[in-house]
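These notes concern the structure reproduced below.
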Amino acid sequence: MHYIVITGGVISGLGKGTITSSLSYLLKNSGFKVTNIKIDPYINYDAGTMNPYQHGEVFVLDDGSEVDLDLGNYERFLDTDLTGNNNITTGKIYKSVIERERHGDYLGKTVQIIPHITNEIKERIKRASSGYDIALIEVGGTVGDIESMPFIEAVRQLRSTDDVIYSHVTLVPEINGEQKTKPTQHSVKELRSLGISPDILFCRSEKPLGKDVIEKISLFTDVPASGIISMYNVKNVYMIPEIMMRQGILEYIKKRTGTSNHNLDYTWSNFVENIKNPAESVDIAIVGKYIELQDAYISHKEAFSHVTGNTGISVNIHWVDADKLLNSTHDLKNVDGILVPGGFGYRGVEGKIIAARYARENRIPYLGICLGFQVSVIEISRSLLGLKGANSTEFDNNTDYPVIDILPEQSNVSDLGGTMRLGSKKVLIKDGTIAKNIYKSDIIYERHRHRYEVNPDYIERLEDSGVIFSGTDDEKIRMEILELSDRDNYIATQYHAEFKSRPLNPSKVHMHLVLKALEYRRNIYERNTSGISR
């Protein structure tokens, strides 16, 4: 078994997850069976209850696990489905150890960080990596953080039983035009003080590292120059595997592991070329409540990148604060499409309802996801059914028209963590609908994360107003997809299609939105050139 451990130094946010994902892609396409493991040192059991402002998007796996957004990167780059076992947190480790202690598994021993916590960490790593040739382990946080210490010690101990390559992500800042190596030197020194000497350094910088800088880093860190990889800024993360490949990272790893008989099958050439040189572009508004931290919507951003890579249509995202739409819809005036993503809590909901109405009334291509699906129902109920004050019981428990209501099985749930309708669920698609044309299938499986649904008492009235519920759950009780009978560019889904979008297999509904946005843009151009203003 081969392990590649990725740690980070100097500062957080250097892109360990993207580097890990890119290296995984190269190794997988060289013929290795590869998996990724993310270690998150926080005491939370999982990411499910974390504020997106602090932690970014909560990513949902097929098995319903709510995990760090880096696992979304892993799935996209590896084109695979991971499980909750691929995300190790301090909360999971301590919960397991304490439960075992209460059960008497330690036979009266004093339970300590070493060996009991570190052994639990190693057991979980081995469980998640079983059956693979190489497992890449990303240790969250920065070397030296007190929360990370047990995990650093655990991955250090791996070397006694398995082949381990230690890699370290550092920062090489540029000051007055000179690339500075001191932060990297000190970060490696800190890592060594914990018993780990890195074999590879991934050096983040604005521009490619100069040869003299690489030689200097090599001299002071004892990492060979061939193991120092310049990770400079690029336009799109899907260009990174090619940058690594050009610097010989695969040859270095193959030599280190003694597996030199694999040849790379680089499948992204056309995909990356379309991202670099798109033929056309569209402007799409994402109307959200967490737009100050765009990582809260990273899977939507990546889904649009996947569409670009497959079509050559670039997506210029306009980040629109939902609350600002309460005063003016000016930010929606010149866009070719509108996406209303998921979210929780009342703040921003009325702005999202305004966005849904603006798209419907102006026939602008629209995609609603999760809450974006629910606000479409609320908006149509208010505007077309005349149900003034129609709402979701999530936001107004006393509304006269609860067109969105809590799932029956959720009504007595008190805990927030891991209790929603989560994970991959079957969706049945009706014939003769836009959804059927998009998916070309009667059955799909998509990931969910919600507590509320369309109230069955209002379905018939909504359908009479022109709503088509073109997708349902397998019992045909829960509504999953909404479209309108008088157009083909308005669709909303209860599920999160963005979570299953992949570079070479983009989300079908994101693809549909972009294609309809381009059609809308071309129509506007034709009208303008004919003397009709937008």
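Yeah, the Cβs are placed from backbone N, Cα and C, and that goes for glycine too.
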**Report entry** Matching residue for the L-glutamine site, where Swiss-Prot names TYR53, GLY343, LEU371, GLY372, PHE373, GLN374, GLU394 - out of ARG102, ARG447, ARG451, ARG461
**Finding:** ARG451
Report task. Select one of ASP70, ASP79, ASP81, ASP105: the residue that Swiss-Prot places in the ATP site alongside GLY13, LEU14, GLY15, LYS16, GLY17, THR18. Result -> ASP70
**Report entry** Recorded CTP site member, picked from LYS109, LYS211, LYS216, LYS235, that accompanies SER12, ASP145, ILE146, GLU147, LYS180, THR181, LYS182, PRO183, THR184, GLN185 in Swiss-Prot
**Finding:** LYS216
Query raised in the report: Other residues with Cβ within 8 Å of the Cβ centroid of GLY13, LEU14, GLY15, LYS16, GLY17, THR18, ASP70 at the ATP site?
Result: GLY8, ILE19, THR20, VAL169
Report task. Could you round the CA separation between GLU498 (active site) and GLU394 (L-glutamine binding site) to a whole angstrom and send it over? Result -> 23
Report summary line: Cα nearest ASP70 (ATP binding site) among binding-site residues (LYS180, LYS182, THR184, GLY343) -> GLY343
Query - Cα separation, GLU138 (Mg(2+) binding site) to GLY17 (ATP binding site) (Å, whole number) - result: 7
